[in-house]
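Taken straight from Swiss-Prot:
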COMPBIAS  323-354  compositional bias 'Polar residues'
CARBOHYD  Asn15  N-linked glycosylation site
CARBOHYD  Asn172  N-linked glycosylation site
LIPID     Cys309  S-palmitoyl cysteine
REGION    315-354  region 'Disordered'
TOPO_DOM  1-31  topological domain 'Extracellular'
TOPO_DOM  53-67  topological domain 'Cytoplasmic'
TOPO_DOM  89-101  topological domain 'Extracellular'
TOPO_DOM  125-146  topological domain 'Cytoplasmic'
TOPO_DOM  168-186  topological domain 'Extracellular'
TOPO_DOM  208-240  topological domain 'Cytoplasmic'
TOPO_DOM  262-276  topological domain 'Extracellular'
TOPO_DOM  296-354  topological domain 'Cytoplasmic'
TRANSMEM  32-52  transmembrane segment
TRANSMEM  68-88  transmembrane segment
TRANSMEM  102-124  transmembrane segment
TRANSMEM  147-167  transmembrane segment
TRANSMEM  187-207  transmembrane segment
TRANSMEM  241-261  transmembrane segment
TRANSMEM  277-295  transmembrane segment
Amino acid sequence: MNECHYDKRMDFFYNRSNTDTADEWTGTKLVIVLCVGTFFCLFIFFSNSLVIAAVITNRKFHFPFYYLLANLAAADFFAGIAYVFLMFNTGPVSKTLTVNRWFLRQGLLDTSLTASLANLLVIAVERHMSIMRMRVHSNLTKKRVTLLILLVWAIAIFMGAVPTLGWNCLCNISACSSLAPIYSRSYLIFWTVSNLLAFFIMVAVYVRIYMYVKRKTNVLSPHTSGSISRRRAPMKLMKTVMTVLGAFVVCWTPGLVVLLLDGLNCKQCNVQHVKRWFLLLALLNSVMNPIIYSYKDEDMYNTMRKMICCALQDSNTERRPSRNPSTIHSRSETGSQYLEDSISQGPVCNKNGS
């Protein structure tokens with residue numbers, strides 16, 4: 001019967017996997033990785049919070065697609081949290097961690113990836129439902145969208161917890177991987193292959209939908225300009241989604257390939273030398289998504305810009321002396337109109353700075 005090592009610290013497993021964490025995380029490389037990672041995380045928290053707030057405040061975004069887009073932003077926000085936790089529990093500190101704390105560290109990263117991937121799959125279903133009917137938005141109810149979002153997070157949390165639940169190498173040291181010293185190589189193979197397979201499926205689905213919409217758009221009569229403009233609207237959303245999917249595949253595939261090579265026990269692949277740079281590349285995906293949303297969607301860009309504008313103006317107003325009562329009274333007369341605009345179009349900034 002194999003001996004289990006639940007009470008060991010991580011230095012026991014790192015030493016057996018010949019992973020010298022202390023030497024790798026010193027000097028210039030450590031400073032670069034931590035500085036870039038910190039900047040990425042701050043931007044992730046700020047930009048993805050803006051995306052979520054934009055969807056909440058702007059009625060134009062109160063549709064299934066944008067609710068799912070906000071959930072993808074929430075997954076990116078969670079990825080930032082996971083990376084912050086990683087930065088405080090990595091390098092020389094890694095060897096001092098308990099098994100449970102290391103499981104938590106890695107589980108957060110696995111959960112963030114699964115949440116993003118599952119959310120993209122749900123968006124693919126939503127886009128398929130709407131575009132096959134040549135509609136901008138699907139007829140999913142808010143209740144169904146909420147259930148789908150809950151399902152995404154339930155799957156993500158479960159997948160992140162699978163190694164903790166038993167699929168690990170604590171009782172079979174010879175099966176341990178190198179990059180994840182208490183993950184069994186069989187689990188790494190399963191996890192990476194399933195994710196890569198999901199990538200290929202999503203790419204195939206989106207390419208099929210894209211070609212379908214393009215074919216339908218090209219056969220429309222040139223005399224029905226109104227119909228053309230309505231039918232091209234789904235294509236705009238599709239281009240946004242495909243750009244997001246492309247960025248996701250580019251940023252995550254190298255890291256997954258490295259994990260797969262480690263799972264296959266490739267001794268000559270030198271996976272230890274590239275793992276942190278590929279992790280930064282994966283984190284870059286959460287940085288890129290809000291930029292893609294705002295660049296591809298003019299309404300999203302305008303809403304986010306107005307929110308920043310309003311926040312800056314509110315900050316400046318607090319530093320200024322109060323205005324005279326007549327000015328305040330004249331502004332209050334238009335208050336209801338501003339309120340109405342803010343509900344229908346998102347935050348409204350007053351150009352006069354009041």
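Glycine is treated like the rest: Cβ placed from N, Cα and C.
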When you measure from the Cβ of the residue listed as 'S-palmitoyl cysteine', how many other Cβ atoms are you left with inside 10 Å? 15
Surrounding residues of the topological domain 'Extracellular' (262-276) on its own chain - C-beta under 8 Å, 6+ positions past either end: 19, 24, 29, 33, 177-180, 185-189, 192, 254-255
Long-range Cβ neighbours of the transmembrane segment (102-124) (under 8 Å; 6 or more residues past either end): 10, 65, 68-69, 71-72, 74-76, 78-79, 81-83, 85-86, 89-90, 94, 148-149, 151-153, 155-157, 159-161, 163-164, 168, 180, 182-183, 191, 195, 198-199, 202, 205-206, 209, 241, 244-245, 248, 252, 282, 285
Checking distant contacts: for the transmembrane segment (277-295), what same-chain residues at least six beyond its ends satisfy Cβ-Cβ under 8 A? 33, 36-37, 40-41, 43-44, 47-48, 50-51, 69, 72-73, 76-77, 79-80, 83, 86, 113, 116, 240, 243-244, 247-248, 251-252, 254-255, 258, 301, 304
In the three-state DSSP scheme, Asn15 (N-linked glycosylation site) belongs to helix
Going by DSSP, how much of the topological domain 'Extracellular' (168-186) is helix, how much is strand and how much is coil, in residues? 5 helix, 2 strand, 12 coil
